[in-house]
Amino acid sequence: MPFSNSSELSPSFILASLPGLEAAQSWMAIPLCSAYVLAVLANGAVLLVVRAEPSLHAPMYFFLCMLAAADLALATATVPRILCFYWFGSREIGFAACLLQMFLIHTLSAVESTVLLAMAVDRYVAICHPLRHAAVLTNGATAKIGLLAVARGVLFFLPLPLLLLPLPFCGPRVLSHSFCLHQDVMNLACANTTPSVVYGLTAILLVMGLDAVLICLSYLLILKAVLRLAAWRERLKVFSTCIAHICVVLAFYVPLIGLSVVHRFGKDLAPLVHIVMGNIYILVPAVLNPIIYGVRTKQIQRRILSLI
């Protein structure tokens, strides 16, 4: 495959460094490493607690385990490579490794989005149709939803690296982030990228976009059912069961939307903004999700304290 200005059979890419802070990158990596360790410990604790606590063997907490596993995988697919760059100066990433990392990031994000939608449906059924909840969301149905989430992510986002594979890349090939994202890699191609642009946007809209709309619809129906209750205390008590999930949804979608906006409309922004937004997107949900559910769930609190 011919690549302009290069005799390599496959190109490599250069990860973005912190502009003006290159000398201090090893120190800047310490909070990043700390956040990653916290994410690993917190999500690992959630997985252990749900497994060990029989009272938590319910669809909502199985979905929480899926969320924790997706967060762990997403952080592990990116942060160790970033730390290698910051601490050991390993700034170059191979073409195949970049495509694999890109595929994992987008696929795991799709899995997390699907699980958040399943959790919203779980809350809707539990509040609006409580008598049917046990029959509709059984453990078998929960396992099938988990497999469907993985299959959906793989099927929708496997074409992304395949569309980039035959493209020629030229120029300095410097990425905007410290890891590989589809739009970032695609912008470095010196060829027609229209099929990749169209498919990437379509996949995002059909997965994350559709999930966000359905989650909002679920909560509109929940709000409608809650407002039918006569007493304010009953309304607050019922709706309080959704607070943790709403916070987790915001922790996922706000960084996702922010990163998308920066990519599409922030070309004139400082490079540091792109790097910081990318790191927030990778680590904030992984750190916040177990903390949110740990604060809201007494069984998880007690079990974690006993483990400590």
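Each Cβ is built from the backbone N, Cα and C atoms, and glycine gets one as well.
What TrEMBL says about a protein is an automatic prediction, not a curated fact.
Record features (TrEMBL):
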DOMAIN    42-293  domain 'G-protein coupled receptors family 1 profile'
TRANSMEM  27-49  transmembrane segment
TRANSMEM  61-88  transmembrane segment
TRANSMEM  94-121  transmembrane segment
TRANSMEM  142-165  transmembrane segment
TRANSMEM  197-222  transmembrane segment
TRANSMEM  243-266  transmembrane segment
TRANSMEM  272-295  transmembrane segment
Next item on the list: Decide whether the stretches the transmembrane segment (272-295) and the transmembrane segment (142-165) have at least 3 CB pairs under 8 angstroms, with pairs required to be 6 or more apart in sequence.
Entry: no
Check: Which of 27-49, 94-121, 243-266 has the most Cβ pairs closer than 8 Å to the transmembrane segment (61-88)?
Finding: 27-49
Note to self: Cβ under 8 Å, sequence separation of at least 6 from the ends of the transmembrane segment (243-266): give me the contacting residues as numbers and ranges.
What the structure shows: 67, 109, 112-113, 116, 119-120, 123, 176, 181, 183-184, 204, 208, 212, 215, 219, 273-274, 277-278, 280-281, 284-285, 288-289, 292-293, 295-297
